[in-house]
Amino acid sequence: MSRFFAKPGDSSSEEETESEEETSEEESSEDEKPQQQLKKSSSFTKDAPVRKGPRKVVSQKDKRYDEMRQTVKALQNAMKINDWNAIASDFQKLNQQISKASNLISESGVPKFYISIIAKLAQVVEETTKDKDKVKKMSKTNAKSLNAMKQNIKKNNAQYENEIAKFLENPVEDEGEDEDEEEDESSESESESESESESESEDEKPKKKKDDDDEEEDDDDDEDEWSSSSSDDSSSSDDAGRSGATGISKWMKTGDGSDSSDDDGFEKVKKKKEPKVRETKARKEDEDKPKDSGKKEEQMVLTEENVKKKLEETLAVRGKKGTSKKDQIAQLEVLATANISPMMTAQVLVHLISSQFDLITAQFLHHQAQQRDRAGLGLLPISFEIENQNGSKVSSRDQCLWTKTMRNIRRLLEVLSENPELNEENTGQSAATVSRAQVPDDMFEDDEPLQVASNLVSFVERLDDDLYLSLRLLDNHAPEFLKRLLDIAPFLQLAEDVQTYYLKMGKKDVAARLAMRRLEHLYYKHDSLVAKAGTIVQQHGDRVENRAAFIEEMAMLVYQYGDDTIRTKAMLCQIYYHALHDRFYQARDMMLMSHLQDNIHQSYTIPTQILFNRTMAQLGLSAFRCGLIMDAHNCFDELCCNNRLKELLAQGISSQRYNDRNETQERAERKRQTPYHMHINLELIECCHLVGAFLLEIPKMVAMAYDSKRKWTSRALKRVFDNSDRNPLSGPPETTRDVIMAGARALEKGDWRQCEAHILALPVWSQIGSEESVVKVTEMLRRKIKEEALRTFLFAYSAFYDALSLEQLCDMFELERQVVNTLVSKMIISEELFASWDQPTGSIVMHKKERSRLHHIGLQYSDLLGKLVESNEKVMSDGMRSFVVGISVTAATSSSSRTRLAAAGSEGLEGNVEEETEGLG
């Protein structure tokens, strides 16, 4: 009996229904597997979501684009887990889909989501390739796929260079992609909610089987369910009867309003999605913008009590998350304008300056996190850009954060100078005892700058560090760099005033630190340049007249009261200053007395080593300008021998073929670079070194042409000669090295005029100094070339002459009689030339003692024989000693044994001599 016709109190009907349920459960368990297959095959099961709205017809374009988006999603998932095998296959699949949709792409253009994914994929490939540790941990197949992707993505992206460039300028994702994702998510959520509701309705049926005590409640529930199910059946039958549809068509919903009471036959139209905005960036800008709290503070009466209370509140929230640093600075600036006691004013200024330095640090770290290369340096917090009320950036030197901080430091100095009773304790400063120079330089190589103490001298040092950092990072061709150089003069004036204040306070060790800071900005400037600038603008913090005494006064203060590190730096700066002004002997004596060359590379930090290298380079240039070729060569030898001059002077990073630096070392090396206005001309150093080297080396080459033991005095010149010898088809000289090499070859042949024409035609000599220095160096080089050409001629051709006239030599090399007489006499005294003077005739008489090539070969042969005899004698003496110690025999036996050993030794000697003779033959 059917349950629909049973009465509520009929027990028989309940028994029948229970028995029917049991039989139905058994049948369902037997037919479970075919039903499951039927459910899987059928698309209209109970769990399947019911489609709402009219039937959707998809165009060919949407179909193609949906397939591409699904591939892009799979590609993004593979990129997240670093699966390059899947990335390679999905990338190939995506390109195939793009080629299939070529007709659609030719009409509407390349999809934005495709440009986005290939741009991101190129970036991921580049980052993964740079991470060597990550590549080593990959499997062989994964690494092989990565290498293949590196080539494929480069080749593929070459076709879409313009589209990728436009996308990188404005990286906005495809809106259609996001909408489709939302549609998928909404449909999934709807299907999940429907399936959950249906599962809940199904789960209610098994719960009907309970104990006998709850039968009445179960019956009531059954009645409710029966009524609802009957109504559902009737409604479904009515719908089917109304539509007259059969099969699959009766399950499709139409838009005539008869299917559902919820939609009433209308379709839901989605709102157009707005482009996404980066919330973090907006939040960052809101935090950085100062609020209008300054107006509220002005309305408040700024008494000392209120200022103290507000200062405590500001310091309590300082450094916490969500606190705007610009807002705090604005509040402290308002508090600093209050008419309060000097002690409270000094406290407010100390915290204001510290907050400004914190803002510089935060902005710098934010910039470093976004972009570590040299592009976009206008975003640096130490630049001259400020924001107007409209949010636009304007270049300003007077209103930038660095200048405001310097003004506040000067105001703090004025407050402390006018009130001598104020000390570091009652003004909120920390003790100025530890110098930043005493801190190891490794601490400055981290990404985060070192937090300095809150006192006046530390503020000045931090201001100097930011100034040096800006000069190092800004583009030297940009106008901001030239503007930034103008800030050196006011900083020097501020440092001088602070140094005077500490000298009055009796803290001479702190004054020595400030004197070292001033000396670092003055030692590399020539007096003539300062004098020219002094005629136009007043030189604050510097001296135009008697500048050498001014530099020495600061250095002496550092020598007396400074620590070891800054004393060493002051010594090097003073040596550099003397060498810059061609006081070579004074600079050389200071260097030798300091003994810095003995342990500079073991006991001192890297910045101090860089300063030492710069000093040695300037010392070599000074010796070259003074005509001391040998001293200049000795100064340049260690700097130029390994072809690493740029790195040793911290003026750039050379691109080596086999780079042994990792990313961390390269980043640390970039931080140690010297600003552009302090650079020394590298081409000038190399030119002076090579010219001095060949002036010393060419005469020796000619004199010892047949000597196999000859050693080169300059490895750099030897490398240039070897490269020239390996190139048999050399054209006209183009580079500086080629011109110097052509001059050396001409000097080797004795053609001093051609050598002079090559060397003096180099344009680099104009960079050696002032006009007077250029003329002086030109005359010195012309004289040196003639003298070395004369020595080379005597070494090469003296064996072919019986006598040489002094007048003839003077005419050949255009030298004075006294100069030729001096050179020839020195060669005769040092036994380089076997000749003597004939004073009555004024000629040089040759003694014919120069060795020919046969003589040199014979001498080599005799040297080999001498070595052979020595080795045999050593072997024979060792054999005698072992024989005497090991065996005790009679005198006759020992004499006979010595005779046999001597005979054996002579036989061995003859054999070795024959072998050496064959080898020489």
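Each Cβ is built from the backbone N, Cα and C atoms, and glycine gets one as well.
Looking at 313-333, 376-396, 901-921, the stretch flagged in TrEMBL as region 'Disordered' turns out to be 901-921. Long-range Cβ contacts of the compositional bias 'Polar residues' (140-160) within its own chain (Cβ-Cβ under 8 Å, at least 6 residues beyond either end) map to 82-85, 87-88, 91, 95, 110, 115, 118-119, 121-122, 125, 128-129.
Across the domain 'PCI' (676-851), mean pLDDT in this model comes to 88. Broken down with DSSP, the compositional bias 'Polar residues' (140-160) shows 21 helix, 0 strand, 0 coil.
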